[in-house]
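Everything on this sheet refers to the single structure shown next.
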């Protein structure tokens, strides 16, 4: 039989879509390196369990579903469907990216002050560690509705910046800044323990910040 060039039978097109979907590695919920109760009294076990096993898991599941639909739209050349899926990709993809960073930014052995190059960069760009904390806390508390506060690295200028993002907008994907330290101020991150007093939660979280992880992220960002 002679096949016409450029003609893809419907059956083989759907097979191709299925193959793409099957071969694509699905996103998974990352394991925590500490127990849900390890950050108490600053963040209670119930919050950590719900936040990780329910909220983050939902972003991961919805991201996988959205990516499958997006692959189908790509395979069909359906640009309208691709555009329609982009908000869900940004929201769930951002939720997965942000939380994956967040869990590693926290540690039961955290708190205190950073050391070495990170501390030098903080002093250079903010004047002192205390000033950086105050500036980041203020920007994070001021997020309207839901969102994140970030300590970030600007690769172009080689300097540290404080930034805030709404909802689950991923910092690097929307601003170009590289995330080093994130504070989640969605109410699911603190409401069970701190109710509507967001400043108390932001103040408490500094006691469990994993500065080694933040320092490692700075080293990687500078490469």
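Keep in mind that glycine also has a Cβ here, set from the backbone N, Cα and C atoms.
Predicted automatically and left uncurated, TrEMBL annotations should be read as such.
Of all Cβ atoms in the shown protein chains, 25 besides its own fall within 10 Å of the Cβ of residue 184 (Mn(2+) binding site). Look at TrEMBL and you will find 51, 99, 184, 188 tagged as Mn(2+) binding site.
Positions annotated as domain 'Manganese/iron superoxide dismutase N-terminal' by TrEMBL: 26-107.
The domain 'Manganese/iron superoxide dismutase C-terminal' annotation in TrEMBL covers 114-217. With helix defined as DSSP H, G or I and strand as E or B, the domain 'Manganese/iron superoxide dismutase C-terminal' (114-217) counts 54 helix, 24 strand, 26 coil.
For the recorded Mn(2+) site, residues 51, 99, 184, 188 set the reference point as the centre of their Cβ atoms, and the other residues of that chain within 8 Å of it by Cβ are 52, 55, 56, 102, 186, 189. Mapped onto DSSP helix, strand and coil, the domain 'Manganese/iron superoxide dismutase N-terminal' (26-107) counts 59 helix, 1 strand, 22 coil.
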